[in-house]
Each structure stands twice: as structure tokens, then as C-alpha cells.
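Trainee: Below are the C-alpha cells for one structure; questions will follow.
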Amino acid sequence: MSDRPHTPLLDQVTRPADLKRFSDAQLTQLAGELRAETVSAVSVTGGHLGAGLGVVELTVALHAVFDTPRDKVIWDVGHQCYPHKILTERRDRIRTLRMKDGLSGFTKRSESPYDPFGAAHSSTSISAALGFAVARDLGGVTPEGLGDAIAVIGDGSMSAGMAFEAMNNAGHLKKRLIVILNDNEMSIAPPVGALSNYLSRLYAEEPFQELKAAAKGAVSLLPEPFREGAKRAKEMLKGMAVGGTLFEELGFSYIGPIDGHDMGQLLPVLRTVKARATGPILLHVLTKKGKGYAPAERARDRGHATAKFDVVTGEQKKAPSNAPSYTAVFGKALVDQAARDDKIVAVTAAMPDGTGLNLFAERYPSRCFDVGIAEQHGVTFSAALAAGGLKPFCAMYSTFLQRGYDQVVHDVAIQRLPVRFAIDRAGLVGADGATHAGSFDIAYLANLPGMVVMAAADEAELVHMVATAAAHDDGPIAFRYPRGEGVGVEMPELGKVLEIGKGRMIQKGARVALLSFGTRLTEVQKAAEALAARGITPTIADARFAKPLDRDLILNLAHDHEALITIEEGAVGGFGSHVAQLLADEGVFDHGLKFRSMVLPDIFIDQSSPADMYAVAGMNAPQIEAKVLDVLGIGRIGEKRA
């Protein structure tokens, strides 16, 4: 007996075109079946549940009305795309979401023609849709053709400047472009800022029940340029016209808000937009994150991303923890430092829970700032906090900090302002794949004059690095740490301030030195144990700092060993490259040192478990062991010693 839901209509759907033969009542039933199938699939795989459940009706309506893949539906962020994937010839693989060799948890061009533009970071959809619209009008060609361009963007994503840059440009170009504002009053955390308040007022100004009834006759509601006599409709629904002023000033015709879970509203409005739209139009749709699944509705923030769970109870099936997560360790360590220094403040970009700053916000709400999905603003805001005499910790994922890189250079580094960058999700992150990998921050930060760059080898080291950053006032400082649990080391009661630019010796050996930067140290130690069985005892050191380098440690390792190997969870151009530059400048290579640098390969690694991803990268213990044997000219693993 199968525990999968009963889905008689969904079973008849192999591609979106099949939806066009269903009646509106059947499409409503189909939405219910699609919601049940989404819950069932995510219970097996884990993933982003709440966002997808909130757009089930919208997904069905879009594919029923428009002609995908000729019409380009572009999902902002892409984490809400699971129902879309089920309808677009991928239902048979939906229970491989976020797994090795499975479906991506986001939209991905290489996966399906129904994913015209990949995503995983926010606020890109309007720019992409505008690009497709211009390409269409200038005779561009794609295998599926070019029809309408539809961006579906959440209210949280609208807090990013990029979305408004795109809307401003679209209003100027006046191309036929459809933007659907999916307003669920929530991104990952509750939304913040003036725009959120504006949307809330817009919703409140028009009694929603009256709006629901009126929207049934959507053709008569549409503002200019869609219908003669629209002036009367605007008078009838004054809140719609007045409420949309912000978007209309940007050059968009505005419709809404309408109920995003009522097919009786969605279908006629979308059909009329498709039939009559000329220039850019914004359709404001109200939805509920987690809609239709009680556990997700009750805890919408936690419903954003879940582990595998029991469908009946919603209880997540998490393996017991052996050590605290790095994120939790950072959050607690920062709270401890803030208790001793009232100048410490914290900044995050819509990720208080993901970065561990929820702990800080609970204790010190007036000293914690969630700037929304606005990394550029967040970095410059932090810079000015530092210029004003405070001690800001700017906590962001490595992959998202990329969005604020110009601000890191221009507003922080050049002015030598003591912003403390807490860089979470460093290295390879697992199920979220290449879009969320923290591969590049070592390279893009360590090349900046005056920037201090640290990496924690374990959770205790992270506590010390938080303390070090808190004490550092001579310019910017960054420390990176991975997703997931620590390694189970004994934790200090309070962090100690590390000497800037000084590493530590872990184990003394001979012939080969392994210099680790970050949490690959654990794999290095495992490799050393395997090498010991072969009679090889490598020296092991933890660099702690990529900038400034511990010159004495590195030069001594080079002088005392036949070979030196660096290991880091980052791309080429990072720690190993800086070590190589030092060795070259000091003429060490002139005297025969064998040097190797183990870095992430020059590819984007698809989702899998972190261990599998590091195996692909060639950076697990067996591969480190093999590198040592190779550089020493000893037989490969598996070959017997002579």
C-alpha cells in the first residue's frame, strides 16, 4: 500500500499543456492534489516547503493560462518552484530533490526548458524577465520560442535594490512585461522596512472580502490601458488605484491585491492580462506561506526550509547532534562578547535565524539590525556604524556577501573601518548546491589591503575568533566557518584574543608539512593517521590566518621539510596562492621545495552531501593522503610498500 496521496487529476498531467483541457473547477481540484504531492515529496527529501505551498494555485494558474516554455515564467529565488517542477515533466524525479544527481532545489536552466533562467539568490527575476522581453522584441531566438516574460517575485525579495533598478528600467522601456508580486508578508524571516509597511497598508485600505467579490469580474476592474471605461472601475475600487501609486510611478500598470489562493480570481485576471497587456504590469497577489499544511502554517519561518518530516505530525526527522552547530556557537559567542561591551552591534540581511543572530536579537533587540535582503546597504550601514564608534558584526553567508563586495572594498577596506565580517556557510554546503557554496570569500577578501581574514578549524577556534574580532579596531576583520555541526571539541567558557597573523602547530613530524586553513584540519588529521600506518609522520599546522600570513610559521615549515602542502575550503586565488607568493618572494622555490596547494576545483559542484561534494573536490582524508604520497614519490594508496 502506497503512502502517497491520491491524485487522479495530477496523474493525467505530463506537461503544462495538459492543464488547458481542465475546467476551472478541475484546476482548483488539481491545485489541492499538487499541494498534497508537494508535501509528500518534501517529507522524503527535505527542502523549502513553505514557499512552494504558498504558490500552488498561482503555479497552476500560470501554467494553465500561459504557454510555457515559450512563455517564460521566472521564479525569483526559485525555492518555491517544487510545484512548478511537478507540473513540468519532472514529477517522476521530484523525490530526488536536493540529492546527489537529483533535481535541484532551485530553478536551473540545464535541468529543463521550463526553467528559462536559473536562480537561488533573490531579486533577479524582474531583470531577467525584462531581458527576455527585450530579446523577444528584437528578434531573439530560443529553442522554445520567446513569448511573454513573467517574473514571480516575493515581497521579501522586493526589499533588494536590484528589484527596483529593474522596475525603473522596465518602466522606461515600456516593454510588455508581467511582474507578479507574491505578497506573503514573509521572506525567510518576517519582512522589514518601509516597503513591507506600504504593502500592508495597501492590503488594509481595501476590505479584502469586498475585493474578493469584486475581482470575480476582473475584466471590469482592470485599470488603463486595458479597458475602456476603466475610470469607473478605479472609482469603484479606489484602494487599488491609490494603493498602487508606488508601482505606477515606476511606469507599471497596477492590479491588486487579489487572493492568490482563489482560482476564481487568479484565472480571469491572468487571462485578461495575457489578452490585453501592452506595457509593464504588476499584479499584486496575496498568499500565505505554508498554505494548506497546518504544521507549515503554524510556523511559517521554520516552514521555509525543513529536514525530512512526518507528513501527519510535521515532526522533522533530524539525526541527533553530536556537537553544536557553528552557527549556534557564533551566536552564543557574540552574545557573550556583547554582554561585556555595549558598543557591539549586529547586522544581518534577512537571515537572523540562519546566521544565529536571533539569539543576539532576543537579548539585545536595540543593538541588532535586520536590513532586509540588502547586502550592499548592510555592508555600508555597518561601515558607518564603525565610523560612528560602534563595533559592528556584519553576519552574512559567504555566497550572499558577494552581493556587497563593492561596498566591502569602497566603503570598508579603503577607509580601514573596523567592520567585523562573520561569514557563515563557508566552503561547500550540501543540498543547496553550487548557488550557495562559499567558495570565493578567501580569494575576494584576502587580496584587500588591511583586511584580516581568519578561518575556524573547529567550534572552539570560532569562539576565539569572535573574541579576536571584537577586540580588533585596526581596520576590517573577517572570520569564516562552515554550515553544520562542529567536531565535538571541548568548548572554552570565554574566547581568548588571538595574536593577529599567528597560526598554531598541531603536530610535529618530518619530510612533509600539511598547512590547513579552516575545517579541513579534521580531514588532515585523519589523513595523518593513515600515513602513520605507512611510516610517514607529517607535520600539521593550523594557519588560522590567510591575511596576514604567519610568515615565520610558513618559512620554517618550508625550511624544515621536503614538501609543503596547503589545504583550504576555497577556490584558487585564496590562502594557498598567498602562501605561494610568499615562498616565491622569499626565494624558497629556488632551493627545491616541493609545494602543492589543495583548493576547490575550477568547477561548480552540484548538490550532494558535503562529504560527497568534498570527495568530488578531492579534499577528503584519502585524497589528502594520496597527495602526500604523490608529492613524496611513494606508491599510491592500495599499493604495498616494497
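Quick reminder: no glycine exception, Cβ is built from N, Cα and C everywhere.
It should be emphasised that the depicted structure is a prediction, and the values quoted were computed from it without experimental measurement.
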Trainee: Since Swiss-Prot lists H79, A120, H121, S122, G156, S157, N184, Y293 for thiamine diphosphate, which candidate among E362, E375, E459 does it give for that site as well?
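Mentor: Among E362, E375, E459, only E375 appears alongside H79, A120, H121, S122, G156, S157, N184, Y293 as thiamine diphosphate-binding in Swiss-Prot.
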Trainee: Within a 10 Å radius of its Cβ, which of these binding-site residues (D155, E375) has the fewest neighbouring Cβ atoms?
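Mentor: Candidates: the binding-site residues D155, E375. Fewest Cβ atoms within 10 Å: D155.
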Trainee: Within 10 angstroms of the C-beta of G156 (thiamine diphosphate binding site), what count of other C-beta atoms is obtained when all protein chains are considered?
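Mentor: There are 30 of them.
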Trainee: Distance between H79 (thiamine diphosphate binding site) and D155 (Mg(2+) binding site) at the Cα atoms, whole Å?
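Mentor: Rounded to the nearest whole number, the Cα-Cα distance is 14 Å.
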Trainee: According to DSSP, does E375 (thiamine diphosphate binding site) fall in a helix, a strand, or coil?
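Mentor: It is helical.
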Trainee: Which residues, sitting 6 or more apart from H121 (thiamine diphosphate binding site) on the same chain, put a CB under 8 Å from its CB?
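Mentor: Residues satisfying the criterion: V77, T399, F400, R403, T435.
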Trainee: Using only the Cα atoms of H79, A120, H121, S122, G156, S157, N184, Y293, E375, which the record gives as binding thiamine diphosphate, return the largest interatomic distance in Å, rounded to a whole number.
Mentor: 32
